[in-house]
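> This is the structure, below, for whatever I ask next.
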């Protein structure tokens, strides 16, 4: 079978392979290389060693954006997962209309980041203007505004994953706990949550990587106002590339740092899910 | 009796919560019919005779900001890219799962690797590549999307192909079917559920994507909806809130129709993608 197929390799693999080289491999390799160069267009690239990285770490706004992003990722992780888990628990009970509620809670997830940002900008500014202030005047308004926005967007998504997890718990385990006289709280903490650990790990890592990579919502809701104080890492990298000429190399170095952080989170996730699998 | 009451209370609670949940969209919808000067001042007030503007905002968005052509390009790019991604990556995934060589193994690992790379890492160089190769058109961007979206799609298709027994395909090949016909007549029908899942994930991604088309496309000629809205807001001079409200609604309506039409598949597809990704 393999022999017969090998002759057809060009038809099966080459279109994807060609596009993959063009759309991923070349930009990625060039990106790594250019992070060690000074350039405005690629043709004038000049090797400068690590100085872009030094410059990136010296940039106080970039450092601020890192802490702001990290704090945001952790806060959104907690808010989203606690609420999504609670919703999933409630909507797997015998209630009238659970399907309609699931449909409603999931819907915002399908709306694009730019559109979401402007929808919520109208609402937040409408509320804040009553206290004669605005979203762009305080970095923490932007912070909590973004938390509300991404919660609205992602709770439904995480809820779906949690519901799938809850429905996969075998009924006899619950029954055994019932017969042993476990209370509702005990059942939740001793049976449901331990059985749900795989879903919980997935959702936690999804929300933390989403938090780190957030861009569209940040751009449309606050655009970094006031004075770049609500700028998250992805937006900071974008602004370094396209906001200041001569800083393209530093932007690329920041992008590599960003990439390393995201990959590190991914690797931790891989280990966490593997160790969970061994336990079960 | 007590249980019934509790369940009824739950339903009431969730009905209220559900209404609050969709309120932001309803508020934007309501404001899209107000005159622009009243939107920022009183966003929560119902339109009155004085503030009512009919469909004037929608006409401005369509005529002045050329929103319909943005919707058209977004549909074209989304449909084109998703069809190309589905056909090319499923063929590629079948081949690299069935034929074992160093090349196919490396390609698979690279695809998995590309899934974790954030877009910011390649955005600058990708836009340069797209510019040099003249892929900065809605036709060219389809190739870029195939390249950048290949990772997840190949990964998901490979996961499914591994679970298909090889006997059926072998039987077809022995009966004299060439691999291409075997793929389209035998393998493709079996993979239908995965096509739906991958198709939905890629559709939602490309329809809502902002940064990739913003950096790749020649913006003087082509804009997607997200880009058009960002331009309306970010343009110098007076920001026309009325037209923006109308544009937001025009951007959301297709998504809601798509969602209501195939929500069962969407929820399933999203759950499948999350568990694997």
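Backbone N, Cα and C define each Cβ position, glycine as well.
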> Can you check which of B:142-161, B:162-181 TrEMBL lists as transmembrane segment?
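My reading of TrEMBL: the transmembrane segment range is B:142-161.
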> For the annotation transmembrane segment in TrEMBL, which listed range does it cover: B:50-72, B:73-95?
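It is B:73-95 that TrEMBL annotates as transmembrane segment.
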> For the transmembrane segment (B:142-161), could you work out the same-chain residues 6 or more beyond its ends whose Cβ comes under 8 Å from its Cβ atoms?
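Here the qualifying positions are 77, 80-81, 84-86, 88-90, 92-94, 96-98, 108, 111-115, 119, 122, 126, 130, 135, 187, 191, 193-194, 197-198, 201-202, 205-206, 212, 216, 272-273, 276-277.
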> Which listed stretch (B:12-33, B:73-95, B:107-130, B:182-207) has the most C-beta pairs under 8 A with the transmembrane segment (B:241-261)?
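So the stretch in question is B:12-33.
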> I'm a bit unsure how to read this: which one of B:12-33, B:73-95, B:107-130 has the highest number of Cβ pairs shorter than 8 Å with the transmembrane segment (B:182-207)?
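It is B:73-95, which has the most Cβ pairs under 8 Å.
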